[in-house]
Every structure is written in C-alpha cells, then in structure tokens.
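Undergrad: Checked Swiss-Prot, it gives:
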{"type": "DOMAIN", "residues": "28-328", "note": "domain 'ABC transmembrane type-1'"}
{"type": "TRANSMEM", "residues": "32-52", "note": "transmembrane segment"}
{"type": "TRANSMEM", "residues": "81-101", "note": "transmembrane segment"}
{"type": "TRANSMEM", "residues": "160-180", "note": "transmembrane segment"}
{"type": "TRANSMEM", "residues": "183-203", "note": "transmembrane segment"}
{"type": "TRANSMEM", "residues": "267-287", "note": "transmembrane segment"}
{"type": "TRANSMEM", "residues": "296-316", "note": "transmembrane segment"}
{"type": "DOMAIN", "residues": "360-597", "note": "domain 'ABC transporter'"}
{"type": "BINDING", "residues": "394, 395, 396, 397, 398, 399, 400, 401", "note": "ATP binding site"}
C-alpha cells in the first residue's frame, strides 16, 4: 500500500529535519528570533487600542491653566501616553531588528551547512554506487542533484522556517489579540479559515507535482549542455551547430514551460487567498456596524481588531508564497533521498590480504548484464598463474572487456561459476582489498584537472616520492615528452587531460599503473592511442612491468600480445580458441584470420 502524498511529504520533511540535529543550538536560536519578531508585530498592533483610547479621548475637554479649551474634534490628549509612545515604538522596533538579525544569520548558517552536508553525502554516495547504476543514469541528472537540487532544498528550508515560525506566530498573535478585544467579532474570521485550508491543500499538490517535473527538466538541460561541451570538436567538425541548437532549444523550452506552470499556479493562488481574506475583512466591517456589536466596541478596540486583520494578510500571503518554494524543496528532497536510498555497491566480503600472489582463475563463469536477455559471457573457463600474461582477443563486443570488469567486481551477479584470486573467491574479498591488488589501464583514459605528477600518483596508497614518480614515468616512456614541457611533471593537464595528446594521456595512465605496483595488471587496449614508434618503445616497459605479475591484456593490435603465455580468442561471449601465438597461427582459425587481416599473408 503506497503512502498518501500528505504522508509522503511529512516523511520527507522529517527526514530533512534530521540534517538539522547537529545544528540544534543554532536552530533554537533562530526559532526564538523568529518568535520574538512575530510577537513584536502583535505587540505593536496591541499598542494601537490603548494609544487611541487613552491618548485621545472625547470624555472631557482639554484643560490649560484651569480653562477648558475647545477643540474642533472634541478630543483631548493624554500627554503621558503620547510622550511614552515614541519610546515604546523605538524599543519595539529595536528588539524586532535584533531578532531579525539573529534569525537571518542563524537560518543563513543552517542553509549553507545543509547544502554542504547534503552535497557531500550525495557525492560520497556516488562513489559507493555500482558501475551498473552509472551506466544507465543520465549524467546531467546526476550532476543536477549535487548542484541544483541541493540549492532548492536549502532555499526551501530557509524560506519555510521563516514563514512557518515567524508568520505563524504573527497570525496566532493577531488572532489572540482579536479574540481578547472582541471574541464575537473575531469569530467571523474563523468562518473563512476552512475555505483557505482547502485552497492551500489543492494548490500544494499542484506545486509539488510541477516541481518534480522541473527537477527532471533541469536535469535534461544539464545533460544537453554537458553533451555539447564534451562533444564540442565533433559538433564543429560535422557542422552540427544547428542540430545542437535546435535540440537544446526544445529542452530549454520544455524547462520554461514547466516553470511557467509553477508561476501560473503561484500567481493564481496568492490573489485567491487575498480575495478570500477580503471577504473575511468585509464581514468584520459589516458585523461592526451592527448595533449589538457597537455597544462593546471602543474606537481603540475596533482599530486594534482592524489593524490585526490587516497585519495578518501579509503573513498569510507569505505562507502561500512560501508554500510554492516549500513544495519545490520537498520535490527536490524526494529525488535526492531516492538517490541516497539506492543500494550501494555490495561489499559483504571480509577477506583481506596485503599483497596477493596473483593466481587468477575463471571457473565456468556465465554472466549477463542487467536487463539483457543474451548472455555477455558463456561458460568462461581459464587459469593464469603468477607472473604469466593472458591475452584476450576478438571482435568488438565479443566480451573481452566484460571479463576484465568482472575481475574488479565492477559488475556482479554471476549466473554460474566463480572467479578466484589465489584460490579465494573474489566475492569473499573486501572491495578495498580486492581492488588494491589490481592496476587498470583502459582504452578510455581518465586524467584529473591537476599536474602530471599528481595524476601519476593518484590514489597511491601511502607517501610517494618524486623519484618513484620519475621512475614510473620513465618506464612508461612518458618522461620523453614530460621533460619537453615548460613545467615538466608540474604541468597542468586540463580537464580530462585535454591539453595532452591521446598518446601522452595513455602513457601517463600506464605510469600510474606502474607506480601502483599491484600483483594483477589489466591492460584494456592500453596501447590503442599510441603510434607505432611509441608502441614499440613502451613494450619493453610493459614487459618489465609484467614480471612476477599476473597480466590480463585486451588487445586489438595483435603485435602487442605475441609474447603472451596464453591467448584466448573470444567470440559472442565464448572462448572459441586458446593457445600461444604460434599454436593459434598453426591452427588456422579465427586468430589466424585476424592476424592475416592486420599483417597480410
């Protein structure tokens, strides 16, 4: 049974309030400031009645030196009340200003802290999610949750706290003031209350629905922008400016349309609340004109009630306006909490080892990706011992990279079989321990917007010296181009290494793997971006790296794996051939055909 929208909203709100627990002192201080602010407003209105009734009275003429002074209005002034009035006003508004400062500072502090904490939690949760989740999610939506959604939540939280506390206290104070002065007249306004409640409930549902659509639309805008920026060169090369412009215009207009839906709902709700409030005010004015009411009213009392009613209109309007903001925040909260509730990567293994020997075995492994009926791997069975090199070759999409991804548990859920490292199932290892045994160089190199040295030393377990970085870069034949750069190892590579060539990026990635010095090495098309000269130069370094390490090499260029101890030919998820380079050529099967296609007869 699904929760009602109202119950769901309060569940989300209570969960959001949990983020304020570490700041409960600041929260209480802000609430006190807001309460004082609202009470001062009510106190100021309550001052109107005595000021009129006692400050100005028609009960007796004004007296000066024992002589009655006629006035055109028939009132005389109580000088003591009139003299006290300015002092009271100054004190009230000074207190109100101080309370406003305290509450504003406190809410700003909590909002900034809330944004920081939620962003940190979302970012850390991204790092704990499986690769399969990232494969199917829209990158723009993921980024939007960190940037846009968290801002919406903080803004809504601050606005909601201000209105819910300050404006509610003001309204309650004004109602109390009205009932204290004339409960009969004040009952008139309660007739309108339920009608306002129904209107606000209906509008709230509309706000929440449209706000969720806005979150999605903003994610689409982020995704389209990111896609264009990443593919900027291709867009220019293929003359796709008009295509991208039209695509973004469509997405952008959809976002505008969703925002206009919210604006219309907000524009309709506020005047509607005001019109309903005007009926209440008109009803009070009518009731005050009745003879039965006049007997109990003084000029000051009526002015107080009227002033209280007028003073309530703006807080009611604020509550209606903040309702739209609040619903946007709840919608953003819902999407963020759905993300945070996503099950992180499974890490139930407890086995740890400082350094594995590197004996790797696939035991009759079958695997299919989530949502795919066809198996990506079918009964894969092989063993590679410490210090040996296993090469995987085959057509694109045959399953080579899937085998490599399973070793690091990027994907889980084998349909049959097991994968063992040193005769221990990789699923018995803790993720941290397992992945510390593996160094990976893929065909899609990821470099961070930092120096070359820091990219080579990325995530190195422990302190790393400059000499170690230089040694790794030298073995990867990266120092050849690094020494020619103005800042050498301290050269900034730009976002994802955009300031370097493809071959240079690949060699930095290889140097990173060399520095890691893991017992298992996975090279997924590691030399694909290198020219022939660079490829030959780096082979000696790779041969040195492979010594006493288990190496799994996925290669398109067959010249790079001729020295492999074992070569597996993979086709449609199955191993169709296995052997050494020489034996497979003699076999005259698929490997021989692939070799012939690259090098001729």
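Keep in mind that glycine also has a Cβ here, set from the backbone N, Cα and C atoms.
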Undergrad: Mind checking which of 396, 398, 401 has the fewest other CB atoms within 10 A of its CB? They're the binding-site residues.
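TA: Counting other Cβ atoms within 10 Å of each of the binding-site residues 396, 398, 401 gives the minimum at 396.
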Undergrad: Identify which of the binding-site residues 397, 399 has its Cβ surrounded by the largest number of other Cβ atoms within 10 Å, counting every protein chain shown.
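TA: Within the set of binding-site residues, the most crowded position is 399.
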Undergrad: Can you count the other CB atoms that lie within 10 A of the CB of residue 395 (ATP binding site)?
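TA: Residue 395 (ATP binding site) is surrounded by 14 other Cβ atoms within 10 Å.
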Undergrad: Compute the mean position of the Cβ atoms of 394, 395, 396, 397, 398, 399, 400, 401, which form the recorded ATP site, and then list in sequence order the other residues of that chain whose Cβ is within 8 Å of it.
TA: 570, 571
Undergrad: Near the Cβ of residue 400 (ATP binding site), how many other Cβ atoms are there if near means within 10 Å?
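TA: Other Cβ atoms within 10 Å of residue 400 (ATP binding site): 24.
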Undergrad: For residue 394 (ATP binding site), which residues in the same chain are close in space, meaning a Cβ under 8 Å from its Cβ, but six or more apart along the sequence?
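TA: Correct list: 400, 569, 570, 571, 590.
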Undergrad: Could you give the mean pLDDT over the domain 'ABC transporter' (360-597), rounded to a whole number?
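TA: Average per-residue pLDDT within the domain 'ABC transporter' (360-597): 87.
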